[in-house]
Amino acid sequence: FSSSKEESSPVDAVLFVGMSLVLGIASRHLLRGTRVPYTVALLVIGIALGSIEYGTHHNLGKVGHGIRIWNDIDPELLLAVFLPALLFESSFSMEVHQIKRCLGQMVLLAGPGVLISTFCLGSLVKLTFPYDWDWKTSLLLGGLLSATDPVAVVALLKELGASKKLSTVIEGESLMNDGTAIVVFQLFLKMVLGNSSDWCSIIKFLVKVALGAVGIGLAFGIASVLWLKFIFNDTIIEITLTIAVSYFAYYTAQEWADASGVLTVMTLGMFYAAFARTAFKGDSQKSLHHFWEMVAYIANTLIFILSGVVIAEGILDSDKIAYQGNSWGFLFLLYFYIQLSRCVVVGVLYPLLYRVGYGLDWKEAIILVWSGLRGAVALALSLSVKQSSGNSFLSTETGTLFIFFTGGIVFLTLIVNGSTTQFVLHLLRMDGLPATKKRILEYTKYEMLNKALKAFQDLGDDEELGPADWSTVQNYISRLKDSEGELVHPHNGSKTENLDPKSLKDIRIRFLNGVQAAYWEMLDEGRISENTANVLMQSVDEALDRVSTESLCDWKGLKPHVKFPSYYNFLHSKIIPRKLVTYFAVERLESACYISAAFLRAHTIARHQLYDFLGESNIGSIVINESEREGEAAKEFLENVRSSLPQVLRVVKTKQVTHSVLNHLLDYVQNLEKIGLLEEKEIAHLHDAVQTGLKKLLRNPPIIKLPKLSDMITSHPLSVALPSAICETLKHSKKEPMKLRGVTLYKEGSKPDGVWLIFNGIVKWKSKSLSKNHSLHPTFSHGSTLGLYEVLTGKPYMCDMITDSVVLCVFIDCEKILSILQSDSTIDDFLWQESALVLLKLLRPQIFEKVATQELRALVSAESSKLTTYVSGESIEMNYNNIGLLLEGFIKPVGIQEELIASPAALLPSNGNQSFHNSSEASGIMRVSFSQQATQYSVETRARAIIFDIGAFGADRTLHRRPSSLTPPRSSSSDQLQRSFRKEHKGLMSWPESIYKAKKQQEINRTALGLSERAMQLSIFGSMVNLYRRSASFGGIYNKSQDNLSYKKLPLNSAQGLVSAKSESSIVTKKQLETRKYPCQLPLQAESSTRRTMMVESSDDEDEGIVVR
């Protein structure tokens, strides 16, 4: 041996690596299709090589020298070379959701399970083995053999294709088990070598080794993931970073911090699985997967062959072979003890394993017992025992026995358990396909045959070579016909079979898998960010857990990320700056829009794919309908954002389109390279140009700019109608302009302290007194002035006003309104008319619930509407089509024994339009304090009332406004556009950005029109600017195609092809067709660009618009 070693060269170690890989390739190639596990074959090869080298006189020459070099490697170095790569690859490939659900089972098996196994094995060895070992040495062997090797277990599970749930439990347990077993081994090894420890130092050691490892793993994970965010489209750097951080983390924990390197790398890999999986997109993700797959294959090949060599050397190359021969019986007895202790661990913990996570049935418990393999980790630990032997505490003979027993157990568990696990799976009927999956497989084969026939019809004949032979082609696809039964098309399945609960569960799973695949595709396309993708993926994983008991429910997991959390209410405190509050709110809205839009798009794609595959099947219709119901909440949310902050949707779509356009250009450049039209240098230049654009989009994306506070005030119908001097005084209202959903603006019964001007969003009301009279709840939106009536009268607020979406609004103090009245008495009537708008909806919601604010303002400003101040003794006449509001004072019906009517109250004619009375009757409303019916009223005190002549109602109870001389003339096209606005928005007017630059036109209109008329005009048109510009602004928001943010229901009665989300080409084509159909919209493009230019302008004054980024 010594002479061999002198003749050997360090380079011989490389020869052993090359030969091991060649043997591994040959084994993998020859064993393909057999039931012999690849790792078992490698172990046998290693034992054969070691037996030849160490057990015979015929050495293997240079290969033998390489074997001896690797066999003499330090055990800690052996673990440091192989474990980081293998552990990181295994933990990184695990699914985060599976880890979360199975974490409790993993901890039970790796914590209490290891302790139970250690003491069971140690006790049995101490009581039955004849080696006169003390308890410390016996427990040392028990802790060493309690480490179920993750390398062996993971390799076996991947080959056998076990269920995902069971694989996660076993794989996660082996990873954590390995770490805790090493910690227990190190503790007992120190005790065996004479390092006495009390309980305090033992607990301190365990906490340091275990928790310290988790902390180091998290620290390296956070640092490297943050670094990844600064790496742009560089696959080589990204992959190199993953392998570098895994080795550096292991070394830091093992050598510098005296923590567990195994637990550190396991924590690092799981952190990457949770937070960095979406950081690798497209080609980078494929390259990373292939790289780590190759690393794991090479490391597995080397470590299992080397393990076989170590086992052979431990058994054969010893002076105590005869003594070890007497120990063969104890080796088999120890193998029995290991299986027994594994049964005890699983049996004791089974009640908890059954209830934690996904649960564990008895079949899975049997597989869990049988999959307790031992491997290279246990061998490396036994080598470290041998290195530490040869002293008064641990004899050399004991060290040799440790290697003998460990090598034998590794061999037996891999040969016996590893080779028969597939048989056990088959015996328990856990390896077969369920009936539903078999049926899907038959369906797929049927479709594949149809695709093959269609492809042959397209390719089977050409001008140059002539026809092909179909019968010969069929011979190469004959496997598609090797099914157990007759091929059945999915469209012809029986209804009973289709509605089977297992089939429904299977289709839901496939549908959600399609949704998740759509999310990955959107991530690659740049439609969603990494954080958004993580949230969406998690929602699908959670829905997959419930498919057997619930319908599709992936939106349930997204609700917390779409709604504003409760702690956002704290942001409205005066401590937090207003701009910071706005920043967080808009960022949250933008993220929620990404989530909702991606959710709708993914479900649309999945519905089309499912329908294309299953056709008109009952079970497919059930799942498709469930998907459509899930999308209703997402659509409602986007509509709310559209009504409150359409800028957010515009920026979201702009980012998506920009990324898509740049990707199209990148594909175009790559295609030019493929066809050879451009040279390499030219391709590099164009590629860099596009990459610069992508990097700019990532580093400096489009921003969301909110309107300035002063511009919001001057554009509100109330302030626009006021004289310029008074309007200037309102600009100094500095209350925060944004309110989140669920914020109470004011409460019923409280003293009025000011007025709220609503610019965007929806406000709802609640009232204890008013809600008793009717069950309708109209809302208030753009252009509303809330609390004005109470400020004018000094009465308490009539109801609670609560935001029902994100609302842009401004608060004006009560003193400021009263000072305006004192400074200019001519606006007194206008403010009373403005206050009547809210009263109409509060007191008569049966009539005015769905009437838009601009319609009400037009009604108030019409010539036929009269605001009159009455003195005591006068009477108020009510005609057929009249509705009145008593704003001040007391009146009394004439000829009816009634109490005094106090303001505010709605006045209806007793013999008036029947639609008014039908509204009351339909709602169960008779005469109450807020609604009175009479033909004539007598004024008891000074009173103020406004009488409206509203004309006739239609069948849908929509207000028909008669033309008024005060209303400016409009063209037919303008009138048609305005009607379309009323039909689409129904009072939920969105904020028009182009309003802010129209001050000059507003000043001109102020001099020409009356106060109410100007307020009415602004409410109708949104601003005093050209109506066509406003039309263009809204057209970009509301007229969306399906690929933008509008989603149509899937028609079940027509076959459609698969929907592709890869590009925007369909959108471009659709827009071109729309342009041809509506040529009148073309001139708007120039103005649209002008409007965008205006949007990015900023000023240096204190009240400038808020740029959100």
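From the backbone N, Cα and C atoms, a Cβ is placed for every residue, glycine too.
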Range annotated as transmembrane segment - as stated in TrEMBL, picked from 77-94, 797-814: 77-94
Non-local residues, at least 6 beyond the ends, that sit with Cβ under 8 Å of the transmembrane segment (209-228): 179-180, 183, 186, 238, 241-242, 245, 248-249, 252-253, 257-268, 271-272, 275-276, 279
Interface-richest range of 106-125, 292-316, 403-428 toward the transmembrane segment (365-383), CB pairs under 8 Å: 403-428
Annotated stretches the transmembrane segment (328-353) and the transmembrane segment (106-125) touching (3 or more Cβ pairs under 8 Å): yes
Contact between the transmembrane segment (235-253) and the transmembrane segment (106-125) (3 or more Cβ pairs under 8 Å, separation 6+): no
Other parts of the chain folded back onto the transmembrane segment (259-280), taken as Cβ under 8 Å at six or more residues beyond its ends: 79-80, 83-84, 87-96, 99, 175-176, 178-180, 182-183, 208-210, 212-214, 216-218, 220-222, 224-225, 228-229, 238, 242, 245-246, 249-253, 288, 377, 523, 530, 533-534, 537
For the domain 'Cyclic nucleotide-binding' (742-821), mean pLDDT (0 to 100): 86
Region pair the transmembrane segment (13-31) / the transmembrane segment (292-316), three or more CB pairs under 8 Å: yes
Beyond the flanks of the transmembrane segment (77-94) by at least 6 residues, Cβ under 8 Å: 150-151, 154, 168, 171-172, 175, 242-243, 246-247, 249-251, 254, 261-262, 265-266, 268-270, 272-273, 277, 292-293, 295-296, 299-300, 302-303, 306, 376-377, 380, 383
